[in-house]
Amino acid sequence: MPPSGLRLLPLLLPLLWLLVLTPGRPAAGLSTCKTIDMELVKRKRIEAIRGQILSKLRLASPPSQGEVPPGPLPEAVLALYNSTRDRVAGESAEPEPEPEADYYAKEVTRVLMVETTNRIYDKIKKSPHSIYMLFNTSELREAVPEPVLLSRAELRLLRLKLKVEQHVELYQKYSNNSWRYLSNRLLAPSDSPEWLSFDVTGVVRQWLSRGGEIEGFRLSAHCSCDSRDNTLQVDINGLSSSRRGDLATIHGMNRPFLLLMATPLERAQHLHTSRHRRALDTNYCFSSTEKNCCVRQLYIDFRKDLGWKWIHEPKGYHANFCLGPCPYIWSLDTQYSKVLALYNQHNPGASAAPCCVPQALEPLPIVYYVGRKPKVEQLSNMIVRSCKCS
């Protein structure tokens, strides 16, 4: 009588033959990342956001609905909310630079401001408190074809001799002819000219991403409440800030300019390709049918989904979430399967495969009432912008 092992051999042959014919596949069986029902994920995300908002506002429970005054918001509160919302939108529109770009040599380009004799300056209201510097964005795009290639941008100004100390502020030309504060500088008296440099990398990336033709900066004297005279005393080569508010003619090639440091397009071709391959952000995920890890849309209506009326603005927002498998190349027929088996043995509750998690998050500005007093708050990390496998 043959041994028991030999008696079982005919039964095992079909199974062995099936394994031979089956191509190597990712070790999905070793992953503990479970597939979750989409509706269940959405419900859990909504409940998590409910607790997240209350926790960030340090509220044990939602305010009483009867405490919310009827009618529109005060103009000052609405203006503060709108400016906060615009600032967040502007910052989120900035493309994220790629770390790989630091490897390549940078090409340095100088883009001069538009001459003040150009008629585009006629649209700007002259003031003894400020000077204005406008730039043609077509020249910027010629130097830097894509925002992601920009490594650094500096606004360079040649300050002439200064008799008195002055505090100056730099502003960016923004939407609706408004100006957004960027930075400030305390200038000491000096008998010799001095180059001033402002880091405006984020601003120039915004300009390269938008379709505008003319963008610019404003340099203003700091306006203190106890000062009667806030006239700009600083003279910039190529400009004049006289008390009449006139702008002088250009003085040679040392007028204000943008110094751009960028990776040349021909050196960053593979960077461009890899960026699109890895960019699991809303621009890619919302316009594709990607089944692997990606950002999934989720709009939360505060009244409908949370039953809240105490948040006055916005009425809702796109919270989004990350979902999808993260495939990897470890197959069952490789040495890594032994490592994974050992890992699972010692960490039974952990995941051997990467999971889809948020990478970039954005804040959410809100207006809500405490009693009858409206408050504007910015809640951090409320909107999923991109995902990654980790």
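Glycine too: its Cβ is placed from the backbone N, Cα and C atoms.
As annotated by Swiss-Prot, signal peptide applies to 1-29.
Taken from Swiss-Prot, the feature region 'Straightjacket domain' applies to 30-74, supported by similarity to another entry.
The region 'Arm domain' annotation in Swiss-Prot covers 75-271, and the record cites similarity to another entry as its basis.
In the three-state DSSP assignment, the secondary structure recorded for Asn82 (N-linked glycosylation site) is helix. The number of other Cβ atoms within 10 Å of the Cβ belonging to Asn82 (N-linked glycosylation site), over all protein chains shown, comes to 13. Feature annotation from Swiss-Prot assigns N-linked glycosylation site to Asn82 (among others); the stated evidence is sequence analysis.
Under the three-state DSSP scheme, Asn136 (N-linked glycosylation site) falls in the strand class. Around Asn136 (N-linked glycosylation site), the same-chain residues at least 6 positions away in sequence with a Cβ under 8 Å from its Cβ are Val114, Glu213, Ile214. Marked as N-linked glycosylation site by Swiss-Prot on the basis of sequence analysis: Asn136 (among others).
Annotation source Swiss-Prot lists N-linked glycosylation site at Asn176 (among others).
Under the heading region 'Bowtie tail', Swiss-Prot lists 226-252.
Of all Cβ atoms in the shown protein chains, 20 besides its own fall within 10 Å of the Cβ of Cys294 (disulfide bond). Under the heading disulfide bond, Swiss-Prot lists Cys285-Cys294 (among others), citing similarity to another entry as support.
Every protein chain considered, the tally of other Cβ atoms within 10 Å of the Cβ of Cys356 (disulfide bond) stands at 22. The disulfide bond annotation in Swiss-Prot covers Cys293-Cys356 (among others), and the record cites similarity to another entry as its basis.
If you look up Swiss-Prot, you'll see Cys322-Cys387 (among others) marked as disulfide bond, on the strength of similarity to another entry. Using a 10 Å radius centred on the Cβ of Cys387 (disulfide bond) and all shown protein chains, the other Cβ atoms total 26.
Residues annotated as disulfide bond in Swiss-Prot, with similarity to another entry given as evidence: Cys326-Cys389 (among others). Cys389 (disulfide bond) falls within a strand segment according to DSSP.
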What are the sequence-distant neighbours of Cys322 (disulfide bond), meaning same chain, six or more residues apart, C-beta distance under 8 angstroms? Cys293, Cys294, Val295, Arg296, Cys356, Val357, Pro358, Val384, Cys387
Rounded Cα distance in angstrom between Cys326 (disulfide bond) and Asn82 (N-linked glycosylation site) is 39
Sequence-ordered list of residues in the chain of Cys389 (disulfide bond) that lie 6 or more positions away and have a Cβ within less than 8 Å of its Cβ, or none, is Cys293, Cys326, Pro354, Cys355, Cys356, Val357
Within the same chain, the residues at least 6 apart in sequence whose Cβ is under 8 angstroms from that of Cys285 (disulfide bond) are Cys294, Val295, Arg296, Cys387
